[in-house]
């Protein structure tokens, strides 16, 4: 095991010099520095660049406080490796695979896998087209998720990305009994803590492994924690043959962390100050998230959109890798419609008659047509009022508003805030409900009856209790 000495510390970036006779560590190898000769207090560094003359530039996975020039650095001879297997379920890890849930840690000889791997070979990939039922009406009807696909949840700050992810974890675990890996990348520690205790209370934690590299951690940890979560998910797929759900909240923070260290590594910034290697880094992560003949990894990624600008390089780079997009719209939160999913901006390549069936496809297309026409008529309504519309247009507006409200529903994970029990709506019920609204069967019911309910039967029951 070769050793070197720290020559420079600039924030999270550390330069290490090795003697001429020592073998230089390979790129992505993990190096270890022990603070104050205390074997418990160590900092792990990852090799990013070889500068020549026996010097390597590394990124710290933990705070570099207390590191000084001249400290000894040991090469572990391999990349960061993390625990894998069924024992990881119900546990919480950091980027290095250390447990952070105050329970017993894993022994040193426990099975581990390196976080840096190649994507599966082309001939190992599977191309199935099976729908993953989420129980959330707006998603299942208009932008369905594919098993083994990649889904992006796009939205600005505070529009409900994390709540939607929590509901998806809840529904998949309760209704499908599926294994999930939740990766918190650069998000709020409070949210991670809340999620952990909520999942523990509901029993969902037994089917979930959690990995966190939160906002307060150095950029190195936020850059690599997504790979830690992915490595755990890949093991379930490749060795256990499972269908796994990988949640990443938030993929933008992965890009942001890379941007923070990019200039310190000596790279010239590109558009909007992002790292020039943005597309490569995103590709290396996304290409590993795929389905093989052994099992599948379905990933659901929250993607923060800076200043609601979809042309920003970070969300734009992520777009290229996705099968489905779920766009969250601030205007809908102002109308009190939750989840605030934009039915016209959200899309999915699974919304095709050969995948979802003729009836589902026809209903979804008609819902989109009605909502699109309603959007076009809103300018006329705002200027001239409803009286200037034809009878046909007035009927269409009434149905569009009912559809818009019916796309909302109460979430199980939001019950503590709303005081209303959540609802899981099967796809068949969703299609039936919207078909009845389009056919005019419920034109006589008040619009408010359609707000925050599950199936169409719930609408009828709610309307019966209302005075109108």
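Yeah, the Cβs are placed from backbone N, Cα and C, and that goes for glycine too.
Per Swiss-Prot, these features apply:
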BINDING   155, 156, 157, 158, 159, 160, 161, 162  ATP binding site
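Here the features listed in Swiss-Prot are placed on the structure.
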residue	record	Cβ neighbours (10 Å)
155	ATP binding site	27
156	ATP binding site	16
157	ATP binding site	11
158	ATP binding site	10
159	ATP binding site	25
160	ATP binding site	22
161	ATP binding site	25
162	ATP binding site	23
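The ATP site is set by 155, 156, 157, 158, 159, 160, 161, 162; from the centre of their CB atoms, other residues of the chain with a CB within 8 Å are 304, 328. DSSP assigns residue 155 (ATP binding site) to a strand in the three-state reduction.
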